[in-house]
Amino acid sequence: MDETTALLGSQSPPNDARVPPSCRGRKPQTIVLLLSLLVLFLSCSDSLSAVPSTRLLEDAICRRYTVRNATEAPIDEQSCKADSVQSELAYLKGLMDTLEAAIGLLVAFPYAALSDKIGRKPILLLFITGYFLSSAWNALVIYRSETLLPHTVLFSPAFFLIGGGRCVVISALHSAVSDVTTDDHRASGFLAIMFGTLAGSFIGPVVSSGLMQITSPWVPYLISFGIMLLGAAMLLLIPETLSPRKLDADKQEPIDDTTRSMLNWHLRRCVAQLKESLDLLRQPALAVLLVTFLAPMPMMAATSQFFVQYVSKRFEWSLAAAGYLLSLRGTVNMLLLLVILPGLSTMLLSRATAKGRSGAAKDRVLAQSSAVALTLGCLLMASDRIYVVVTGLVVNTLGAGLAAVCRSLAAYLVSAHHTAKLQTLIGMTEALGSLFAGPALAGMLSAGMKSEGAWMGLPYLGLAAFLSLTTLLPLFFVRFPAGLTAQASDDDTDPAFACARGLDGGCPLGSHCPGHAPFGSAA
């Protein structure tokens, strides 16, 4: 028996009705591949500029505050490793992340509403525009460091008002994947997006570090702008994924005559959607699971530019040399997503099926294992031995699939038409994690430099404690609805899915559905 038709019957529209005209004739796998290639270009551009921009900003700070009247360009890097310069650099980078996250939180729901109204592609284009302008401002400040204070880089996040920043683009990308994939393949689609990110994270540091060792940091920095423009061109190949049913519904929305009334109407709509999204948190399991999404952004910050600065300062490496460690992380990440996670997923799914359990049980085990790897890796990265730090980086990277697996796990708990709202809630939670991640890491690094010795690893000790609270505890102790992890008896249909797939929030099975309570007023 077909699962969808059995549960929804005639209420469910034909499959073609759910597919946007632009997507017809294209396999979902092809669309996911194109989305992952877009992410590859953007990630490669971001990682290609990360180490050079850090070095150039370090040079600007050093030139203004430490080595005055310097004529050489750039200043010898080892002259810029003073605690004051490194502390200033860490705080500037951290505050930039915080401001970007704050803007993401401010505009997340307006852009989510816009995404559901006009589609995913325009939102992606707006993000690339804002990201390009933000990066261009940073380049201008560094280039004109004789006249512009290094602190003026803090204006760059303002450009993320155009497109909403990473919080919004992550939500749009995952919503696009959810638009074209089934429940069974959704996690694979999310992992494909993550793979694009990680592949770019491997290529960028190798190229930038290699170029920095033979030429100016400006060379890889400027190349990153060209790759970003290639990503914008990539959008031409990607069809709109938003369901025509949603577009048709938006056409029936009231259109007011004046600009003011239109703005008021859209504001009321955003507030209403925020309330609807927060209503999802009436499910205790989803509310607790959402806590795990506080971890990805701090973890990302601690294993990217900050990690390069940490290794460079603690072990007296050049930033270019430390940048190669990011490529090691990218290599392990790709191995994880291509071999380890698919293998574990297949093995766990077969065991879960044999025991009469659903794919959600498999995802929970993968999430728990990832949380353990992340926490243990951070503890090792706090070591004062470089080989232990590198080992910790590898172990930590083995948990990099946590966010994707938790997204899939959370998606089991909501109906399909709440996908965009769920992804926006997740994006806002991740942005909330970014609000304190940068300043907290910078503060702990500054405190560690003052104390010296083993306390230099304070940022990673603090992060390990944070991960224990936000990932280990929720994933090991949260109680999911009984129907979520148990297979249905006769037709191999998960009863919790019956609730999740009900139209307009209603469950076709009503009180006969074991998974009904988490979605109804009883919750």
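Numbers here mean position along the shown chain, with the first residue as 1.
Cβ coordinates come from backbone N, Cα and C, glycine included.
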### Query
In TrEMBL, which of 89-109, 425-445 is tagged transmembrane segment?
425-445
### Message
Would you say the transmembrane segment (218-238) and the transmembrane segment (123-143) are touching, if the rule is that at least three C-beta pairs must lie under 8 angstroms and be 6 or more residues apart?
### Response
yes
### Message
With a cut-off of 8 Å between Cβ atoms, can you find at least three pairs linking the transmembrane segment (457-478) to the transmembrane segment (285-307)? Only pairs 6 or more residues apart in sequence count.
### Response
yes
### Task
Rank 155-177, 285-307, 388-413, 425-445 by Cβ pairs under 8 Å to the transmembrane segment (189-212) and hand me the top one.
388-413
### Query
Which of 155-177, 285-307, 425-445 shares the most C-beta pairs under 8 angstroms with the transmembrane segment (388-413)?
285-307
